[in-house]
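**Q** Please see the structure below; I have some questions.
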Amino acid sequence: MCKAATNVSGDIPTPNGMNQYERIIEILTTLFPVWVILGTIIGICKPAAVTWLETDLFTVGLGFLMLSMGLTLTFEDFRRCLRNPWTVGVGFLAQYLIKPMLGFAIAMSLKLSAPLATGLILVSCCPGGQASNVATYISKGNVALSVLMTTCSTIGAIVMTPLLTKLLAGQLVPVDAAGLAISTFQVVLVPTVVGVLANEFFPKFTSKIISVTPLIGVILTTLLCASPIGQVSEVLKAQGAQLILPVALLHAAAFALGYWVSKISFGESTSRTISIECGMQSSALGFLLAQKHFTNPLVAVPSAVSVVCMALGGSGLAVYWRNRPIPVGDKDDFKE
């Protein structure tokens, strides 16, 4: 019961006190970048193996991913947000101010075509992804803070994603802001709330499955990475370099700005957490919204490329930081 209680707030298990089964799950979870690379290779070389995960099934998969995140949360986590308004708020602003402005600036600077520019802006306006929690754990960042920031940006996406996409991309192509908001509500908020309620009112049930939810999240994320790549594989083979550059720039700049802006006020652990949260977002959500609400298929391509750049960039940065110790006496910016 004590072991379960330490994990219901979203903290990824630590090696101490783990049984063999939990240790295997933790190893499989931290190998997340390997699974993404394999999924990408399969998506490009054998698209038919992953393209069965089309719009309807893709929606279900993304919904289950949000549900698995919700199962790690309790109402107490939301009260912790209120106790840490500045820390969580900076992460929220990084997600919905720095990242969208970067997406818009890069799209305009590189003079991308209207559909590709719209796709880049759309993915830059998406909320934080669950993969950021795994990357934060690897980087020795603050996992509890990462989970809270992902939760806040996920809930905020119902308003922020359609609003920012309309403001920044509405001049390029017609943007159905209401449709984007409804889809985000259905796919993101509803499963997350169901997970939180299940964890709150059926704790015995959730405590039995909580140890595998990170692994479930990694499996679903890998599938949701591979499927978009498979669906746009022909475009990637023909225009790969042109598409990779703006997306890679977006993520690299977001990681860097998220870290250095945070260092002005926060310690090393918190800065790493905000950097990863700023640079890693739910590209799968961007891909789904692009497919459902934009007629030009090229709008979905930046999200498909972002899935891979986000996962590899975030995990690579996490491994780099894992080998750089947190300074002794690092400032504690997060109140439990």
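Glycine too: its Cβ is placed from the backbone N, Cα and C atoms.
Curation does not apply to TrEMBL; its annotations are automatic.
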**Q** Taking 114-134, 177-197 as the choices, which stretch does TrEMBL tie to transmembrane segment?
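**A** TrEMBL lists transmembrane segment for residues 177-197.
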**Q** Quick check on the annotations: TrEMBL lists transmembrane segment for one of 57-75, 95-113. Which range is it?
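**A** Here TrEMBL associates transmembrane segment with the stretch 57-75.
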**Q** Other than its close neighbours in sequence, what residues sit by the transmembrane segment (209-229), given a CB gap under 8 Å and a spacing of at least six beyond its ends?
**A** 4, 7-8, 12-13, 21-22, 25-26, 28-29, 32, 35-36, 38-40, 42-44, 47, 50-51, 53-54, 58, 61-62, 64-65, 68-69, 71-72, 129-131, 133-134, 236, 283-284, 287, 300, 303-304, 307-308, 311
**Q** For the transmembrane segment (57-75), which stretch among 24-45, 143-165, 177-197, 241-262 has the most Cβ pairs under 8 A?
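**A** Per the Cβ under 8 Å count, 177-197.
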